[in-house]
Amino acid sequence: MVGFFLGSPSEIDLATGALMVIGMIAVVGGGNALNQYWERDVDALMHRTRNRPLPTGRLTSTEAMIFGMVLSLAGLALLVFAVAPIAAALAFGGWTTYVLVYTPLKQRTAASTLVGAVPGAVPPLVGWAAVGGTLEPAIWSLFAIIFVWQIPHFFAISRHYREDYKRGGFPMLGVYDTDGSVTGLLTVAYSLLLVPLAILPTILGLAGANYLYGSLALSTGFFAVTVWSLRTLGAGHERWVFLGSLIYLTVLMAMLVIDRLPIA
């Protein structure tokens, strides 16, 4: 909804916004169902996924595939006919990357994390396009922020669940980086990259000075958390990086919205 809000004129079309959210939930939900369909055998090996409907037999693979396809198509149809064709095209691009590219790559290369960050960063573009906005550099700054943010976020997850991912045969960096030093260094590097990226919305005219100062403070704080985690390897501090990443993105998006509110 952040992209939708930022791209809207002074009066927000709540009906279109609601339809967009429903459509996106359907597309994302359908994609997740198909992901679980493809990974049903692997999910049965991992503790965190073995109780999902397919490994436990609560759903058959055919039922899951049909459900995922129907839900995805229904969401795309809603976006095409009730929101905007360009929004549907962007959502379809994200769906395709997630289901047909990212999912098969997960068991082949650690670089799949970068591929998976693409569909994860698409929603702001969909929201912006839903209100007729052209895909100008300003909204791409949100795409860049969310894309980069996902890397330390998922590195923290892969470190925390490294034994589970190893059981499933996923070649995640966090699994084979024995002491966590490489993952930690890359986490610090990506969090540092967020500092200049987070101010792009102000530079490109999407936000004002209040957001600028807040984003600098927030990005610096998250960077400090990742540095602290690197300095204390092996202490399970990836959980704090994970929590910090959630707080970071939530507060950053909230600041963007608040910055645009017509406060006298």
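Note: Cβ is positioned from N, Cα and C throughout, glycine not excepted.
Per TrEMBL, the feature transmembrane segment maps to 14-38, 59-80, 110-131, 137-157, 182-204, 210-228, 240-258.
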Intrachain neighbours beyond the transmembrane segment (240-258), with Cβ under 8 angstroms and 6 or more residues off its ends: 2, 5-6, 142, 145-146, 149, 152-153, 155-157, 160, 187, 194, 198, 201, 206-207, 210-211, 214-215, 218-219, 221-222, 225-226, 228-229
Dominant neighbour of the transmembrane segment (137-157) in 59-80, 110-131, 182-204, by Cβ pairs under 8 Å: 110-131
Cβ-Cβ under 8 Å with the transmembrane segment (59-80): same-chain residues at least 6 beyond its ends: 19-20, 22-34, 36-37, 40, 53, 87-88, 91-92, 95, 126, 130
For the transmembrane segment (110-131), distant same-chain residues with Cβ under 8 A (at least six beyond the ends): 1-9, 13, 16-17, 20, 24, 31, 79, 83-84, 86-87, 90-91, 93-95, 97-98, 101-102, 139-140, 142-144, 146-148, 150-151, 154-155, 158, 171-173, 176
